[in-house]
Amino acid sequence: MPQLILLRHGQSQWNLENRFTGWWDVDVTEKGIEEALAAGQLMKERGIDPDICFTSLQTRAIKTLNLALEEMGRLWLPVEKNYRLNERHYGGLTGLNKQETRDKHGDEQVHIWRRSFDTPPPPMATDSEFQMSNDPRYKGIEVPATESLKDTIVRVLPYWKTRIAPELQNGQTVLISAHGNSLRALVKHLSNIPDDEITGLEIPTGQPIIYELDDDLNEIEHYYLSER
Ligand SMILES: O=C(O)[C@@H](CO)OP(=O)(O)O
């Protein structure tokens with residue numbers, strides 16, 4: 001039966017500083033490194049044995065994957081990186097402190113920006129210091145100015161359908177190292193979660209989530225590996 005492992009990157013520098021991050025490329029912290037190593041150790045202990053891995057174009061997810069794979073003795077596994085697994089683009093909020101933004105705009109407005117299904121944050125200015133449009137990794141890709149969770153789902157799902165699902169259907173065990181919102185997109189799809197419920201799901205950093213799937217990739221069950 002196909003098995004899928006979802007892993008959110010370990011704590012990032014801007015998770016620690018409580019700043020809106022999105023497509024800005026921050027590294028993992030010391031704690032994030034420890035979380036990634038612990039995730040790898042846990043997967044190794046429990047006999048989780050991926051055949052192929054997918055990740056985003058962002059350092060925090062790539063590094064988490066590499067640290068976990070090293071711990072598992074699996075640095076040699078094939079890894080495919082794609083911007084479609086990136087975090088949701090946080091638009092003009094990128095770089096701002098989440099608490100300061102609440103103090104300025106109110107809890108309700110910030111909650112809408114963070115957790116509404118289809119209301120995107122204000123767009124990022126073209127001359128923002130956090131603009132990623134000219135970053136070489138996004139050559140040929142239209143970097144969004146902002147994204148809602150709905151927009152993120154629209155970008156993630158075609159990649160799931162064309163690249164990831166076929167690997168699972170071929171009997172490969174797949175490990176995906178990604179981000180809070182790109183993983184929400186996948187979890188929503190896999191577990192059939194309604195629009196108004198998925199925004200309430202908080203995915204912890206560095207905790208492998210196992211999806212056991214049937215041959216049509218319908219969920220049989222899912223669980224946090226640490227809880228089994
Ligand atoms: O800042 C971000 O990019 C994300 C993930 O850390 O935050 P949020 O919890 O608001 O989706």
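Using N, Cα and C of the backbone, Cβ positions are placed for all residues, glycine too.
The active site, tele-phosphohistidine intermediate annotation in TrEMBL covers H9. Annotation source TrEMBL lists active site, proton donor/acceptor at E87. Residues annotated as substrate binding site in TrEMBL: 8-15, 21-22, R60, 87-90, K98, 114-115, 180-181. Annotated site 'Transition state stabilizer' per TrEMBL: H179, in sequence order.
This view paints the features noted in TrEMBL onto the structure.
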residue : record                                          : Cβ within 10 Å
R8      : substrate binding site                          : 28
H9      : active site, tele-phosphohistidine intermediate : 31
Q11     : substrate binding site                          : 21
W14     : substrate binding site                          : 20
G22     : substrate binding site                          : 25
E87     : active site, proton donor/acceptor              : 25
R88     : substrate binding site                          : 28
K98     : substrate binding site                          : 17
H179    : site 'Transition state stabilizer'              : 26
G180    : substrate binding site                          : 19
Given the recorded positions E87, R88, K98, H179, G180, find the one whose Cα is closest in space to the Cα of H9 (active site, tele-phosphohistidine intermediate).
H179
Neighbours of H179 (site 'Transition state stabilizer') among the binding-site residues R8, W14, G22, K98 (Cα to Cα, within 10 Å):
R8, G22
Roughly how many Å lie between the Cα atoms of G22 (substrate binding site) and E87 (active site, proton donor/acceptor), rounded to a whole value?
5
